[in-house]
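Trainee: Just lifted these from TrEMBL, have a look:
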- B:77-272: domain 'ABC transmembrane type-1' (DOMAIN)
- B:361-562: domain 'ABC transmembrane type-1' (DOMAIN)
- B:16-39: transmembrane segment (TRANSMEM)
- B:81-103: transmembrane segment (TRANSMEM)
- B:115-136: transmembrane segment (TRANSMEM)
- B:151-170: transmembrane segment (TRANSMEM)
- B:203-231: transmembrane segment (TRANSMEM)
- B:251-271: transmembrane segment (TRANSMEM)
- B:303-325: transmembrane segment (TRANSMEM)
- B:368-386: transmembrane segment (TRANSMEM)
- B:398-423: transmembrane segment (TRANSMEM)
- B:443-462: transmembrane segment (TRANSMEM)
- B:495-518: transmembrane segment (TRANSMEM)
- B:541-562: transmembrane segment (TRANSMEM)
Amino acid sequence: MNLRITAAAAGAVALLPLLAACGGGTSSDGTSGEGSSTVTLVTHDSFAVSDEVLAAFEKESGLTVEQVAPGDAGTLVNQLVLTKDAPLGDAVFGVDNTYASRAVDAGVFEEYQPADLDPQVAAYAPDDLAGVLTPVDRGDVCLNLDDGWFEEHDVTPPATLEDLTKPAYRDLTVVTNPATSSPGLAFLLATIGAFGTDGWEGYWAGLRDNGVKVAESWEDAYYVDFSGAGEGGQRPIALSYATSPAFTVSEDGTTSTTSAMLDTCFRQVEYAGVLAGAENPDGAKQLVDFLTSAEFQADVPGQMYMYPADPEVELPADWQQFAPLADEPFEVAPADVAAHRDEWIEQWTATVVG
Amino acid sequence: MDGHGRRLRRPTTPRWGAWLGWGAAVALPLGFLAVFFAWPVVSLVLQGFFAETPTGRELDLSGFAEVLSQDRTWRIVGQTLAQALTGTVLSVLLGLPGAYVLYRCRFPGRTLVRGLVTVPFVLPSVVVGVAFRALFAPGGVLGWAGLEESFAGIVLALVFFNYAVVVRTVGGMWERLDPRAEQAARALGATPWRAFRTVTLPALGPAIASAAAVVFLFCATAFGVVLVLGGLRYGTIETEIWTRTTQFLDLRSAAVLSVLQLVVVGAALLVSSRARARRERALHLTSDRVSAHRLRLRDGADLAPALVTLVVVAGLLVLPMAGLVTRSLRAPDGSWGLDNYVALGTTGGRNALTVTVWEALGNSLRTAAWAALIAVVVGGLVALVVSRRPRRAGLRHAVGALDAAFMLPLGVSAVTVGFGFLITLDRPLGLDVDLRTSGALVPIAQAVVAIPLVVRTMLPVLRAIDPRLREAAATLGAAPGRVLRTVDGPLGTRSLGLAIGFAFAVSLGEFGATSFLARPDTATLPVVIYRLIGRPGAENYGMALAASVVLALLTATVMMVAERLRGDRPGGEF
């Protein structure tokens, strides 16, 4: 008897979510069925916007914005290419300069750029992307240092890429695999930008011989291997972002326990665009306009922790101190990346992993 | 058989009705599998075999020669087989004593331990990967053992995930096994080991083969944990398909690798079904109340399995989980407390998320409930059909093929399924809904993965029903529906609770295919955990671990409730 009551109660509990789902289902159907008043933004899992900023745009434009995030930044472009005959939405945000050319070459986008785009912002899109993709934000992938470790061990912190191959920094560095992680790919490109297509393999052989550790993902490298994350890691030099030190600021906000090596950076630029074959191309264009608007741009630092493309936006106070961008990041033209990326990754794998 | 015994002549009308019923029972699951699994997977693989040429798309099979001639490919295949076989053998060897102790013996706290062992099964692999690496890395608790980036480390993690599959599948059978046969053997002078080997083990054979097949498929297609613990050096077919598809968009190589994966999985299923068929026969099932005895630690026959189970549960399962729980209780400022759990009501440090973790939990419960419902209906039908042994050989083979077909979702890469969804399910079957982005596909994708487990949980019990019971009922005049209701029903529902629990738990933890369909506003718990751990900041890391602990607790609770849902009538009533 007792058991039967338990069973009935459990059954009722199991049914509750079903009922709730029925309720939820009808309301979402209601919004998606109205065609032109809905606009779908395809993006990656790091996209974020304040509720108020989005609501203001929806109110002003009369559009309802739906978001689809089918994965991380690395897989987004491949998903766009595969679905180009039946796009997942109307506009896209989050294609970056390491992958953009592949998508442009595949004809994923409709030509569009906001008419009143600041020339300084437009300049972040190189010629082969101009007119098709609109720069929205940027950020640097850099090696980070656990400053306390160097102080404690009385070792001068490294400053350049070359330093990392010196015996003083043996077994101290962890990076991520360019074949499986997007910061890893960005860092590989930084070394190609720094040492040229002839020199980068030699540099990596030097890193390998100096005991560099390759983790498969950013979280793996940062939380398990990096001593600066405070989780028991053993290596004081780790691949991360220029903005990461702002996450390790002390309670009182005066110091950070980590810092970025600003001479080891690769600049990532993230773009937005209108998808070819969009059901609501006008809505998509308004959405791209919105992503470059002053309101959205001002929202970027706090929401996505990237630098907005718009140079006019005032940045959070602690950024100047803890998370500045590199003055001269390394660069590789997107067209070169598109042409050689796979071959570079394979050469890298042969050199470093074996 | 109440009062119908006098109607000896079989009624004639239900015959075609029965055919119709069975036809529907086959057609519904097959249709489901075809639309939500076969079509997407085949479409994606075919894309790899067709090359774009100026004159249109042409069949191009040159990828086979290219991929199969590389040494790397064969190294990867060897690596996959070695990992999967070792993982499976070890899971079965360690799982058998566990099944005995947890399902054949009674001791205080048994329900709790049963719930606990299921937890690893649904923990997000990204969290498990980081937890294991933290143990293995220099400076970790097991840092001295040299397990980092090692074959042994990967295999241990695979056993961590799959131990529960063996314990539950075999245990579920074992507790229903009539103990009298073994008792008789003992009375006739057999040692406990001999009685086990000659009486119990053969009876458990089908359940063991069933569990081994599932574990092998899980091990052969394990992705996150292999990648995190082993890196590309220990790449398997699965990690290679993932890299080729998501990073290089090299569908040509990915398609060849998918075919290779299918061959490996197909071979494993064949071996398992042979092993099952040889041993399968009707068993005398009983209630666990009759079969279980109090754990006797002074008896060597109980002590040895109890010790093995203790070591496995404490060392392999609890140790990594304890690391997670401990870390989740350390606040971002370094003090101890529930700060990370309090933070689950927020969207994380610097807005790492678009929903709070509790909202994500609600989404997870809703989708998992739908997924479990679908999986139990579809999987239950499959189990029912497959449990029959038709006399005609053709039909028997068809039933076997149906069984194997529904196992495939465990053996095919989640990336292939996920990308397959994206290229096929845009307004499928004339529906005016883009299924890919509607959110409705999430529970369906989870159900596809849960169905094989539902089938494997229910099948051993349904198959063990003596067909003579059904024949007797039919001879006595019961219509097919009545036979189902009165014979299969009472015995089958006992495994139903467990099947629901498994389906619900698997759906809660599913990440692979779900992540391809995620909508930020309806993110599930694993998706949210993945996002949190992908951000810097002690706050986000702490929240990711706290959220994992919540997911683990939820799973353990679901499994414990599912166990209570099982029917409790003794089998002796027939």
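Each residue's number is its place along the chain shown, starting with 1.
Each residue, glycine too, has its Cβ placed from N, Cα and C.
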Trainee: Does the transmembrane segment (B:251-271) come near the transmembrane segment (B:303-325), with 3+ Cβ pairs under 8 Å (pairs 6 or more apart)?
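Mentor: No, these stretches are not in contact.
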Trainee: Any contact between the transmembrane segment (B:16-39) and the transmembrane segment (B:368-386), i.e. 3 or more CB pairs below 8 Å with pairs at least 6 residues apart?
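Mentor: Output yes: the transmembrane segment (B:16-39) sits against the transmembrane segment (B:368-386).
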Trainee: When only pairs 6 or more apart in sequence are counted, do the transmembrane segment (B:443-462) and the transmembrane segment (B:81-103) reach 3 or more Cβ pairs under 8 Å?
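Mentor: By the criterion, they do not touch.
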Trainee: Contact between the transmembrane segment (B:303-325) and the transmembrane segment (B:541-562) is defined here as three or more C-beta pairs under 8 Å separated by at least 6 residues; is that satisfied?
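Mentor: Answer yes: the transmembrane segment (B:541-562) meets the transmembrane segment (B:303-325) with 3 or more Cβ pairs below 8 Å.
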